[in-house]
Amino acid sequence: YVHFHLISSQVQQSTKSVVLLEIFVSILSLNLSEPAYGADIAKLKYKLVAGEHGLVIRVKGFNHKLPLLLQLIIDHVSEFSFTPAVFDMIKEELKKTYFNMLIKPEVLAKDLHRVILEHGKWSVIDKYRRLMKGLSAESLLSFVKAFKSQLFVEGLAQGNLTC
């Protein structure tokens, strides 16, 4: 089990940054779906999450090929690219996700509860409003560049590992 947290000060600066991180992670997951298919067949699992302070990468499995999967993910992060059609598709999916969260009272109540209790937490309402104002593909590219330029990494590795 290997868990890396790519932390950047860019993430919590505004709701725009938080939404752009979620779009970045969604596009990254989509870009990895085909090249990482072999890892899934080999029972290696990975998960990319838009965390509170950055990108969380989780990989796990009982195989010596785990470093190759991690390298594949890191390569896709460092050489991030997308088409405008993919950007628009992910943006629309995120709008639907936010809207579905807003129409469920129990989810909205939990989200507002977290916003009140946790410092620096952005509500779903704020993120939905920001997404509805519009975001460009250029803003995503500039965010990703800034995200990678101010990056700190925390990691945890558990299991039978050799250095």
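Heads up, the Cβ atoms here are built off N, Cα and C, so glycines get one too.
Since this is a predicted model, take the numbers as computed values, not measurements.
Residues annotated as domain 'Peptidase M16 middle/third' in TrEMBL: 1-129.
Helix first, then strand, then coil: DSSP counts for the domain 'Peptidase M16 middle/third' (1-129) stand at 78 helix, 20 strand, 31 coil.
Taken together, the residues of the domain 'Peptidase M16 middle/third' (1-129) have an average pLDDT of 91.
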